[in-house]
Amino acid sequence: MTLLEKIKQNKSLSKKDMQSFIVTLFDSNIETNVKVELLKAYTNKDMGQYELTYLVEYFIQTNYPNQPFYNKAMCVCGTGGDQSNSFNISTTVAFVVASAGVPVIKHGNKSITSHSGSTDVLHEMNIKTNKMNEVEQQLNLKGLAFISATDSYPMMKKLQSIRKSIATPTIFNLIGPLINPFKLTYQVMGVYEASQLENIAQTLKDLGRKRAILIHGANGMDEATLSGENIIYEVSSERALKKYSLKAEEVGLAYANNDTLIGGSPQTNKQIALNILSGTDHSSKRDVVLLNAGIALYVAEQVESIKHGVERAKYLIDTGMAMKQYLKMGG
């Protein structure tokens, strides 16, 4: 039975199968249509937790056998792929969280399945992404670093045209946030695919995160949203996985539909972010940033609850600290 047949028949894959899957995707001698069919088939397969951890560890260990570490560093990002066309929520959140003194290493990419990826909006903001050898100094000076996935993992460039041709989320949407080149202490990760939450949570535990939260937003978004019950998986190195749901109203924020969070081009999304960070926007767009920043501040042990995290995020914006962080970055 070929690898493609095994995948199409939803078989569990061995370590050898996983190696073959990766080698095939990155082999320049194999035709693109073969890779597209293989990646499509794997994306439709019920992926085992072992398979996810194998893929993540393969990319990290192949590229960073001595993975760098920065004390108490956090990443806040989503998988993308939720087709919501929301503005760049997690990028905006990164400025708020960093303004609280949490070292943030945000690992992002250009748009694959949306109008504006994190590096697209950063380019509009005139904020450069950092090379790997610049990150530690950047964190020491500014407390916030942005890394482009195609810089930290150049091999990923080979897959960009294939992923764009598929035009729907693939396994690499799930892998991207998990392969931050730095060994993180804390992580908040939004996930568009609810069925993978438990697998990803266990993989984060395998990667040694001290604390992390996974979010499947109400109505399918890869961020915590204001439109109903957000599914939360809380990861801790000290206890078992904890699953619960969270509504915006429980932390003092108003209900709002997901379509009120729609963004647009990188230029539009830059302006939305600036309006929020400067304190001039008091719409649901601000509230969704407060919610996600509140979750991140809770994970980073800055506050004792998500509700307190939301209050802290309000303070950081309303006192100008979040905007000061943005200006510090050269935006």
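Cβ from N, Cα, C; glycine included.
Residues annotated as 5-phospho-alpha-D-ribose 1-diphosphate binding site in Swiss-Prot: G78, 81-82, S86, 88-91, 106-114, S118. Marked as anthranilate 1 binding site by Swiss-Prot: G78, N109. Marked as Mg(2+) 1 binding site by Swiss-Prot on the basis of sequence analysis: S90, E223. Under the heading anthranilate 2 binding site, Swiss-Prot lists R163. Annotation source Swiss-Prot lists Mg(2+) 2 binding site at D222, E223.
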Using a 10 Å radius on the Cβ of H107 (5-phospho-alpha-D-ribose 1-diphosphate binding site), the other Cβ atoms enclosed count 25
For D222 (Mg(2+) 2 binding site), the closest of the binding-site residues by C-alpha position, picking from G78, S86, S90, H107, R163, is G78
Counting every protein chain shown, other Cβ atoms within 10 Å of the Cβ of S86 (5-phospho-alpha-D-ribose 1-diphosphate binding site) number 27
Same chain, |i - j| six or more, Cβ under 8 Å of S90 (5-phospho-alpha-D-ribose 1-diphosphate binding site); the result in sequence order is V76, C77, G78, K106, S118, G190, E223, N292
If you measure between the CA atoms of S86 (5-phospho-alpha-D-ribose 1-diphosphate binding site) and R163 (anthranilate 2 binding site) and round to the nearest Å, you get 20
If you measure between the CA atoms of the residue listed as 'anthranilate 2 binding site' and H107 (5-phospho-alpha-D-ribose 1-diphosphate binding site) and round to the nearest Å, you get 18
Within 10 angstroms of the C-beta of D222 (Mg(2+) 2 binding site), the count of other C-beta atoms across all shown chains comes to 27
Mapped onto three states, the DSSP assignment of E223 (Mg(2+) 1 binding site) reads coil
Simplified DSSP label at R163 (anthranilate 2 binding site) comes out helix
